[in-house]
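Annotation comment: TrEMBL describes 1-26 as region 'Disordered'. Here TrEMBL flags 59-77, 83-102, 109-130, 203-225, 255-277, 283-310, 322-344, 350-379 as transmembrane segment.
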Amino acid sequence: MSSPCAVGTPSDPSNTTRSPNDPNAAANQAAVDQADTVNGPNQTRVAGSRALIYRRARTISVIGTFGILTLGCLYVAQSLVLPVIMAFLLSLVFSPVVRTLAQFRIPRSITALTIVLGLSASVIAGIYGLSGPVSGWIDEAPQIEQRLRLRLADLSEPLDKLRDAQQQVAEATDQNSGDENVQKVVVTEPNLISQAAEGAPDILAGIALMLVLLLFILSAGDLVYEKLVRALPTFGDRRKGLRIAHDVEREVSRYLATITAINIMLGLVVGTLMAIIGLPNPILWGIAAAVLNYVPILGALTGIAIVAVVGLVSMQTTSEALLAPALYFVCTALEGQIITPALVGNRLRINSIAIILAVAFWGWMWGVVGILVAVPLLIVSRVIANHVDGLGGLRELLGPHHHGNQGNNLARSK
């Protein structure tokens, strides 16, 4: 017979053994189980969130490092990268022409060679035709500066006073120094002609590389696209990639061809108007207007400023001088606000902020050529974003502003 002390009674508070029928024990156990049930998923979610944050931070750091290295390589290797990009953009323009003529049994190589020879002849003719007027303006730069100062005498009077005061301070400083044996070194900056002569070999080499690469790309035809899409994993992805490549080629070529036609017409109109009002070298300003118009907004402002300076140093009266930039402004305003939107449409239009940032960035990276290719590169990015579902953010970022549509969408959402 066992002792009664060995068995705990319900009245003993120090004993942890509870009867299965004890209501307090059941309630405590239920509370413990509920706490475990709540805290377990919370701890799992916290750990998962931390792991996700670490993964995203690691991904962002890797992408940022890769982007910085890529930009550094593009800057250092610009003499190689720029001809490749120019050849790629020109191939987008002329590939539909080569493909269309190939349907009429004309070999791709013959068409590609004809296009390259035509471009070469155009470049040579342009350099030869513009060398005379440009060199004339460069030679007359001192006289042009003198005439411009006379025309702007009223505006430059405060600057002249400031310059005279600065010269007097410099002379007083030289007299107070008391050292007559100090040898002054005058550093002469190289003029524009010498700088152009030094950079001519690199420019010619880049043009030659661009033309040769363009010849091979046009001769290869769809083989270039097929080799690029072979890197995709599945047949469906390859087929979709090839379709996107053809769509990009078609839309970009259509855009660049339309913009080129618009710019040529703008150059003809500007050159004709400059000839009518008597501005010297109207052909030069017409060609400049056509080339500068490839850079939206900034190109038009640059052209207006150049024509204004030429008018001030060439015309007899100020009203005649201001007529040239006024006509230039009217032509570019009509082109930018009416003609180009009507012919291009909203599908490939890009907002002004993206254009200015792209022109500033690529101009800082690659100079004048970077300014010219900035907008075509944006167009290529916009077309690719239009066809790839995962690039909706880039599509909205590059797209034009629609204040009215945005307000309507907000009203509908409310």
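Placement of Cβ uses the backbone N, Cα and C atoms for every residue, glycine included.
Since we're looking at a predicted model, the values are computed, not measured.
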Report, as numbers and ranges, which residues of the same chain sit near the transmembrane segment (109-130): CB under 8 Å and 6 or more residues beyond its ends.
90, 94, 97-98, 101-102, 207, 211, 214-215, 218-219, 283-284, 287
Between the transmembrane segment (59-77) and the transmembrane segment (83-102), are there three or more CB pairs that fall under 8 A, provided the residues in each pair are separated by 6 or more in sequence?
no
Name the range, of those listed as 59-77, 203-225, 255-277, 283-310, 322-344, that has the largest tally of Cβ pairs under 8 Å with the transmembrane segment (350-379).
283-310
List, by number or range, the same-chain residues at least 6 past the transmembrane segment (322-344) whose CB is under 8 A from its CB atoms?
255, 258-259, 262, 266, 269-270, 273-274, 277, 279, 289, 293, 296-297, 300, 303-305, 307-308, 310-311, 315
Spell out yes or no: are there three or more C-beta pairs under 8 angstroms between the transmembrane segment (255-277) and the transmembrane segment (283-310), with each pair 6 or more apart in sequence?
yes
What parts of the chain pack near the transmembrane segment (59-77), using Cβ distances under 8 Å and only residues at least 6 beyond its ends?
365
